[in-house]
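Listed features, source TrEMBL:
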- A:20-242: domain 'MacB-like periplasmic core' (DOMAIN)
- A:21-41: transmembrane segment (TRANSMEM)
- A:280-302: transmembrane segment (TRANSMEM)
- A:286-401: domain 'ABC3 transporter permease C-terminal' (DOMAIN)
- A:327-350: transmembrane segment (TRANSMEM)
- A:370-390: transmembrane segment (TRANSMEM)
- A:424-443: transmembrane segment (TRANSMEM)
- A:674-695: transmembrane segment (TRANSMEM)
- A:674-787: domain 'ABC3 transporter permease C-terminal' (DOMAIN)
- A:707-735: transmembrane segment (TRANSMEM)
- A:755-775: transmembrane segment (TRANSMEM)
Amino acid sequence: MFKNYLKIAWRNLMKRKIFTAINILGLAIGFGSSILIYLFLSHHLSYDNFHENSDRIYRFVTEEHRDNIDYEATVPPAFANEFRQNYNYAEKVAKLAIWENTQLDFELNQQKIQVKEDMLFAEADFFEIFNYPLKEHISTRSLEEPNTAYVTVDMAQKLFGNSNPLGQTMRLDNMETIEVIGVLENFPRATMLEEGLIISFETLKKLDDFAGTEVWTGMTTSLECFALLKPNQDVDAIETALLELPKKHRSTSKNRHEYQLQPLADVHFNPLYGGVDPTLLWAFGIIGLFLISIGCINFINISTAQAFYRSKEIGIRKVLGSFKNHLFWQFLSETFVISVFALGIGVIFASLMLPSFNSLFQTELYMESLLSVQFFGFVALLLILISFLSGSYPGILMSRIVPVLALKGKLNHNDTGGSSTRKVLVVAQFAISIILIAATLVISRQIDYAINTDLGFDKESIVMVKIPKELEAVQLESLTNRLDYISGVEDVTACLSSPGGSENRWGTGVKYHNRPEYEEFSMQVKLADLNYLNTFDLELVAGRNYFKADSITEVLVNEKFGKKIGVNNPEELLGKKFEANGGYVKASIVGVVKDFHDGDFTQEISPIFMAQNPQWYDEIALKINTQNISTTLTQIKGTWKDTFKDYIYEYNFLDDRVEEQYEEEQRYLSLSKIFSALAILIGCLGIYGLILFYVGQRTKEIGIRKVLGSGVANILALFTADFFKLILIAGVFATPISWYLMEQWLQGYTYRTEIHWWIFAVAILSIMTITLITISYQTIKAAITNPIKSLRTE
Amino acid sequence: MLLQLQNIFKWVNSGGQRIFLLKDINLKVKEGEFISIMGPSGSGKSTFLNVIGMLDGFDEGSYDFLDESVHQLKEKHRAKLYKEYIGFVFQQYHLLDDLTVQENLEMPLLYKKLKGAERKAMVADMLDRFNIVGKKDLFPAQLSGGQQQLVGIARALISSPKLLLADEPTGNLNSKQGEEIMELFKQLNEEGVTIIQVTHSEKNAAYGKRIINLLDGRMI
């Protein structure tokens, strides 16, 4: 029986090629997107699920309670040893620290090689907690020694080609020599470790006088601490026990720490601690569902519209012994055939799109991961679901057709039913498209707003270069002076970080004037030389810039600082005492800087102070002339290289850096653009199918109208009006929904664009235009046909 | 007794008025009969045939088919009944355009859930009996009207119905083809198939052993 169904399904499909193509294409796009989304979601859901004891692995994180709560995925450097020695909850505890983009020098086949790599410093126990198997190693050596390292198979290949990696030595950041003592198997793709070079933690102790030491006074997010707990531990009890640590070690601090245990499974999914935002995953899932449903809607609309043409067949079948359920299953198998084809095309579509998808989302998804039991399960489920979703309603409608009427040819289109259902479904399709277009508009407006609003500092034509090692103050000054001599360079400043650059919070210990207590809030610090204000065009609202001095005696603060301590007149701040970082800074306030957006638009402007302290400077900012940029850049490189002979030169532009803050938003934007385009495309296919059907159905009417003197425009208007009505209804539903959703999204921003009514008007109008274009060809074709023809055929 | 209709009324309401399609019809049909129903257009012939075939319902009266009270049966049982015992032949043949001759013949058997081998044998038998073996792989559009009707009748007979209902079976055929079909009916009747046909033509009606005349839904 089923074979027979399939045979007939095949012939039916071949007979109505256009409609079959529309159906298959619409569903194929839906399938293709679902497959990509499946890959994406399964990649994220499989994160670090391969560790043997993953349910007992935890990361220590910190809640910082000040005037508000900050969440940091780290603990003070001294935490690990304290937890190891004084508590009995864990089998193993391990620290690791990440260094990004750090220089390595080594010799390979008599050639000097310089590269920059991301790397990890880890305690040996790290490999006892996690399952990253060692492939080969020098058995007499261990990662507990300083200056030792492991590399992964891929990293070994990348660095040393086919040479044996074991025993190779490298200069790390021109400071320490490390030796490769082991090779690790490549990591699974879905794991938190991305760095293929792991260096012993003992080495870090020589390099970093903060993360490598035993202190409780501060934290750095480059350091993480993991533990493998003993079986059956009560996490709440541990957290309660840990409450005593801050009391013991940080009793005077206004920044009250609470240390907590984050389960490994939560690490990848908790945005508070730098994980992926699950909303993105949800958005993906829902959009996949949207696309599939639009495809299904096309199918339902076209099939129910076509039911009339099949009524004769159904009548005959019923008279010859078919029951309703036979017809239902017959129709469903047709849907199944279509879905299988669509699936095939969808897979091709997905594999073609995968590279661009990967580059957009910075993922490394592979089609090969589709060869899994889960995927086949997913596809089977999807096939069945789609067949049922799109096939069952038309199937029911068709099986209801009354044979006597069908056989006598007395049925008309309304008797085969579904016309009001079609309208509802088309409205739903339009509504989805309108929502997606409106979302695209709002997201792009927000990005535009964030990037193009006056941030309070100059970000155009500013080049940032690193200072790779500590220089004497005199040397640094000579370097900046030489850079300033370059004709294309207008201003130069050496600083810890640019506005919009990395965050440097000196947590507690801000004391103002003669107040006895430390303030509760945290402060950003911008250490920089005298030219900082000029280079970034920062405005002083009161006082003056600091004078040149060897130690910090004068500071600048921003207006926000005044607001935080309750002094609204900037003039009042001048001359007041200012103490920060536990007395490390003792100075007086000499100037107040106008607020500028140091963080991205999700963050409120923080209180900031600025001071000069050359030993902390990390980078140099150069305001350059827009003429002869390439010459200027070459000259900058030359001058830089004179001072830093052994280092790799890198630079970037400040405006790129500011835009990078909105990488995720840009991704959302591409996502909504692509998916609205797809939704509209599938929707158009459906509309095209429907208009073919409507025109066919109303041929006679068109003929009569033409004979009575109606023009092409009138006839186009006749069909257009029907669709426009539906679009308006869709707009009525879509506007509040998308308004609400986008308002929710914008809530994540402290500084945000407004949602205007015209955004929805634009969305609705663009759908109308697209619909008009879609339907005009068929309609105009019908309208210019000689009416004699259409009337004669009746 | 094959079937018995008593006091059958069927009507539609149109603009507050009741228009009768069938009025007080009484009919007994014994197995082996060959009945022709005649009457002008709109006299209710087709409606009458559809009521007998259970494709259409009625508003009043009783209908017994093989000792089952059709008027008391649920739709599903009624469908089961006619599918088992009644074969239909139509003026427009109503073959499925997408199926070959062979597949058209096979279709009713599929719905009866017969095994593949069994179906093949029965189809081969029919092709043989109606002398259309050479046409088995052709599609309906490739056949003449007479040949299509031949396939239509073969399809109606393949599941060995007790009753064959034919609605103007020769209406779309030329007189020679029509005559051949009527000869076939006569022969089938002699082999024991009960036949009720609707026709306009006196000549074709004469093939029947009994003629019923309808006028405005009434038997006269």
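Easy rule for this one: first residue shown is 1, then count along the chain.
Backbone N, Cα and C define each Cβ position, glycine as well.
For the transmembrane segment (A:280-302), the list of distant contacts is 19, 22-23, 26-31, 33-34, 37-38, 40-41, 44, 335, 338, 342, 382, 386, 389-391, 393-394, 421-422, 425-426, 428-429, 432, 436, 664, 668, 671, 675, 678-679, 682-683, 685-686, 689-690, 693: same-chain residues at least six beyond its ends, Cβ to Cβ under 8 Å. Helix, strand and coil counts under DSSP for the domain 'ABC3 transporter permease C-terminal' (A:286-401) come to 103 helix, 0 strand, 13 coil. Outside the transmembrane segment (A:370-390) by six or more residues, the chain places 27, 30-31, 34-35, 38-39, 42, 292-293, 295-296, 299-300, 303, 332, 335-336, 339-340, 342-343, 347 with a CB less than 8 A from a CB of the stretch.
Distant neighbours of the transmembrane segment (A:21-41): 281, 284-285, 287-288, 291-296, 298-299, 302-303, 338-339, 341-343, 345-350, 353-354, 357, 361, 363, 365, 367, 369-370, 375, 378-379, 382, 386, 390, 675, 678, 681-682, 685-686, 688-689; these residues of the same chain sit at least 6 beyond its ends, with a Cβ under 8 Å from one of its Cβ atoms. Across the domain 'ABC3 transporter permease C-terminal' (A:674-787), DSSP helix (H, G, I), strand (E, B) and coil residues number 97 helix, 0 strand, 17 coil.
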